[in-house]
Each structure stands twice: as structure tokens, then as C-alpha cells.
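Chemist: What TrEMBL records for 1-23 is signal peptide. Residues or ranges marked as disulfide bond in TrEMBL: Cys33-Cys48. The feature domain 'Cupin type-1' is assigned by TrEMBL to 63-214. Residues or ranges marked as oxalate binding site by TrEMBL: Asn109, His114, Glu119. The Mn(2+) binding site feature in TrEMBL is assigned to His112, His114, Glu119, His159.
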Amino acid sequence: MASSSSLFLLAVLLALVSWQATAYDPSPLQDFCVADMKSPVQVNGFPCKDPMAVNPDDFFNAAMLDQPRDTMKSKVGSNVTNINVINFPGLNTLGISLARIDYGPLGVNTPHIHPRATELLTVLEGTLYLGFVTSNPNRLFSKVVKKGDVFVFPKAMIHFQMNLAHDKPAAALSSLSSQNPGVISIANAVFGSKPPISDDVLARAFQVEKDLIHWLQSQFWENNNY
């Protein structure tokens, strides 16, 4: 049986491979472009920090991704820890990011999409039911995966994961082919948008009464996705 540390190392190596094979961000025109988060300049991405001011810490993040996260406070029983250009400026222009996903018993990473990235998920612990749905006619590709397994979610496809254990946590590490993959949580977007989508539109779309739409819109739609 592979140890947790070896599986973690495997997941990181897969992340590097996926960056080379599936990166969608523009290729860099220089060795690096550490994001200057204080710059007033607005560009597609982030402007570069002065190369002479760059230091080794710009390429380091003490993320502690080997440590479990708390899932008890989440209504859906999951917790996503992002490592992207927003909190790791050294990733700017490199076309890659990471996320650790922790699942409580029966916890769900709810259906969502990453509009700018393919995702490669490695199971670190536990057993997950996961899958993605294609564009019309909406074919579902799903599978039960276990510790050490790898599954890929193509760019911009609706996808999800669920911990199948009633009494044990699970965890996964995802690599994404963008420094800033973005996320659209389906339930949040449909029923929790600000301002809300017209109840006439939603009632007709879902073929239900408006009272049900109003009830769904009144719920607190938690956004725990990366």
C-alpha cells in the first residue's frame, strides 16, 4: 500500500505534468512574471513585479496541503483550499494552480464548473463518487474512485465529488490548467445570484411553481468551491 506522503508526491508530480499537457493560459514570454498585486495597472492577468525585486519567497507558499481542513462548518460537508495566483503571485503566467479538497462523511463538492481550466484530481484518502456532465445532450461520466486513483474533468464541464463513507473523511488534491481557473457553482448561480434571476424564468425553466423558486432563492447558498 502506498503511504500518504508518496501519494501526495504523486499528486504534485501529476500537477506538473498536467501543466505541460493541458495548460490553457497564454505561454509566458519570459522566465517568470511574479504578480505585482499592488500595481494600479489592469491587464488580462496581473502585471509583473520588477524582476530585480523578486526573491525565492515569491516562488514559495507554505500551504500545508498535507494537513486536513475542517469540514464541520460547511453545510455541504466539504472544504476547498485554493493555491492560485491570488494567494501565490509566483504562479502568474505559468498556467497552473492547485486545490486541496476535504470531505466530511457524505460531504459533497457541489456541481460546479471551472470556465478556464481542465482539472486533474488525485484521491489522497477515502472513496469518492465523482463525475462530469457534457454539453447537450448532457451525458454523465461518473465513477467511484479510491485512494491513489486519478480522474480528469475536462475544461468547463459541470462536475462534482461526494465522499461515500458515512463515518470517515476523505481528501483529494486537484491540479488545474490555469493560474486562475475561476468557478461557477451551479446552485449558487441559479438560485443565489445578486440580483436574483426572475422567478418567471426559473419557474418556466424548471417546470415548477413560483413558490418553490422563492423558497430556493431564500436559502443560504454556500460557496465553498475553488
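Note that the numbers count up from 1, one per residue, in the order the chain is shown.
Cβ from N, Cα, C; glycine included.
Map the listed features onto the structure and describe their local environment.
Modeler: There are 21 other CB atoms within 10 A of the CB of Cys33 (disulfide bond), with all protein chains counted.
A mean pLDDT of 96 is what the model gives for the domain 'Cupin type-1' (63-214).
All chains included, 22 other C-beta atoms sit within 10 angstroms of the C-beta of His159 (Mn(2+) binding site).
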Chemist: For a quick check of understanding: among the recorded positions Cys48, Asn109, His114, Glu119, which residue's Cβ has the most other Cβ atoms within 10 Å?
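Modeler: When each Cβ's neighbours within 10 Å are tallied, Asn109 leads.
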Chemist: Given Asn109 (oxalate binding site) and Cys48 (disulfide bond), what distance in Å do their CA atoms have, once rounded to a whole number?
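Modeler: Cα-Cα distance, Asn109 (oxalate binding site) to Cys48 (disulfide bond): 34 Å.
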